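> Okay, handing you the structure first.
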There are 2 protein chains.
Amino acid sequence: MKIEDIGEFGLIEYLKRKFSLSGKWIGIGDDCCFIPPDIVLTSDMMVEGVHFDLKYLTPEDVGCRATTACLSDLAAVGARPVGFMLSLGIKPDLDYSFFKAIFNGVAGALQEAGVRLLGGDLSRSSKLILSGFAIGRTRRPVLRSGASPGDYIYLTGYTGLAEAGRIVLKRGVSLKRYRESVKRHRRPYPQVKLGQKLKRVASSMIDVSDGLLLDLSHLAEESQVGISIHHLPIHPELIRLEQEFGIRAETLALSGGEDFELIFTSKKRLRKFWRIGEVISEEGIWFQGRRIRPRGYEHFRR
Amino acid sequence: MKIEDIGEFGLIEYLKRKFSLSGKWIGIGDDCCFIPPDIVLTSDMMVEGVHFDLKYLTPEDVGCRATTACLSDLAAVGARPVGFMLSLGIKPDLDYSFFKAIFNGVAGALQEAGVRLLGGDLSRSSKLILSGFAIGRTRRPVLRSGASPGDYIYLTGYTGLAEAGRIVLKRGVSLKRYRESVKRHRRPYPQVKLGQKLKRVASSMIDVSDGLLLDLSHLAEESQVGISIHHLPIHPELIRLEQEFGIRAETLALSGGEDFELIFTSKKRLRKFWRIGEVISEEGIWFQGRRIRPRGYEHFRR
């Protein structure tokens, strides 16, 4: 049996069983882990050729994205970010300016969130590796497991944009007409302040990193509920991409990853956010009345 | 200017200036970073072909070493380890048993130290990558910067063994005659309990990861002092290696890395540990009366 036969989520299940925690500690399987009374930790690794392509991204972009992925995990549990560390693998014959540009990207993303770089590690590596680690604080992390039937499902912003940006960059299309998409792929923004505010109303929360449907399915599984999506906001640039290249806008919005918006559930009727559906007791993910199989990004799967 | 022209320590200097911290926070440049009042964090990344060779190490060994490197950093500041996270990059077509074996190695090292695996990240990667993060607690971390002239320098155990083990494995020499060396390379042990005890007597501390001389030079630089080494314990297996293959035992003990013993300074006369020298006010590293240039492991340097 190969690793790719098990798949990323199968491997995570194995590790959850092997390294189970007791008491109020929270470990493998949520956006962050939690050490009572108030420490939250998360990590995220990006590898050249797997998570990004240096043909379409600058070193600043790459630094920004690695930082954002970690800060977004803190946002997804409603934590206040405190510090960030970056372990970097890099080719020795790259320009020093490339190295500095990565950390300019890191510094920019950290500054917006008011977070400091605390440390990390440097290593030679033939492929660029950015392995980030963030620490935050909250006494009551919002988990994936808190949703109950009847809760509304909310989304803080458009999804599919980052993936649209990647496609646009890869195809060499004129970037002017896809500004938002390209920006979202290059310099995504973590919803750190929003996550802390939503803590007051959210019964469960997760960030859009693997794709809306796949992330919703993680939330559904941890909460042991089903999800019914009625409505999905589609950004005009996705519609343009569909018209120009026949890439379905709905598919992008449902399955595109790394938008770093937040999905949360709440009993309350809120006006500020898109209400995209509701939590149901019947298991499965339903989109406009049809049961669908979540697709999105999963490592190792063939 | 290339990254290899700057060298690992030059890059660290750049990052120290760019990401300086205020107050009691401690960031880049020590074994761990410190968030007052009591949180200590560290990270360590190991890349296949750079830090280890799968020809000579099992996946259990690799998991153990990555875990030990992080726990040893916590030991070096006298912290109590609390949790560990591992981001893993791995080839999809490897056997599932290989994946499980890595985490058996991790679990073994964590169990001995009473630490839990809290989380991490999984990614595809053509080379095996283990990027570890550890969190520990202490209200008063022992830093590299606390040594003063007149302090004695102590060492908790033999150095050069791990490097001897690597050489023995690489040369295909009979392993029976180099048991300790091979064990130290394959399954190093972090001095976690000792580090916490030494906190009471140590004015400064560092673990042997880059090599005794290089690690001493880091300590000297941060403390703005010089180091004079009078005496160096040499393990019998290093002498055997010198006799058999002409590899100088003293060089191995001075420059071999990844032994994960602790070097500390103290005003006190202690009997339990090897007193190898003393802190002096004149800068530089001196070995038996001669000034020497520290050599050890530095990434990127040509």
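Our numbering is plain: 1 for the first residue shown, then up by one each step along the chain.
Using N, Cα and C of the backbone, Cβ positions are placed for all residues, glycine too.
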> May I ask you to find which of A:Tyr14, A:Tyr297 TrEMBL records for the substrate site already listed with A:His51, A:Glu258?
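Checking A:Tyr14, A:Tyr297 against TrEMBL: the substrate site match is A:Tyr297.
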> A:Asp73, A:Asp207 bind Mg(2+) 3 in TrEMBL, but which of A:Asp31, A:Asp38, A:Asp95 does that record place at the same site?
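Between A:Asp31, A:Asp38, A:Asp95, TrEMBL records just one in the Mg(2+) 3 site with A:Asp73, A:Asp207, namely A:Asp31.
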> For the domain 'PurM-like N-terminal' (A:29-137), what is the mean per-residue pLDDT, to the nearest integer?
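The answer is 97, the mean pLDDT of the model over that range.
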> Pull the DSSP breakdown for the domain 'PurM-like N-terminal' (A:29-137) and write it out as helix, strand, coil residue counts.
36 helix, 45 strand, 28 coil
> If the substrate binders are A:His51, A:Glu258, A:Tyr297 per the record, what's the largest distance between their Cα atoms, in Å?
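That value is 10 Å for the farthest Cα pair.
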> Quick check: in three-state DSSP terms, what is A:Asp207 (Mg(2+) 3 binding site)?
strand
> Using Cβ atoms and a cut-off of under 8 Å, determine which of the binding-site residues A:Thr42, A:Asp44, A:His51, A:Gly120, A:Asp121, A:Tyr297 neighbour chain B, and list them by sequence position, or give 'none'.
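Checking chain B against the binding-site residues, the residues within range (Cβ-Cβ under 8 Å) are A:Thr42, A:Asp44, A:His51, A:Gly120, A:Asp121.
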> Mind giving me a neighbour count for A:His51 (substrate binding site)? Other Cβ atoms within 10 Å of its Cβ, every protein chain shown.
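By my count, 23.
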> To the nearest Å, how far is the Cα of A:Ser43 (Mg(2+) 1 binding site) from the Cα of A:Asp73 (Mg(2+) 4 binding site)?
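With distance taken Cα to Cα, A:Asp73 (Mg(2+) 4 binding site) is 8 Å from A:Ser43 (Mg(2+) 1 binding site).
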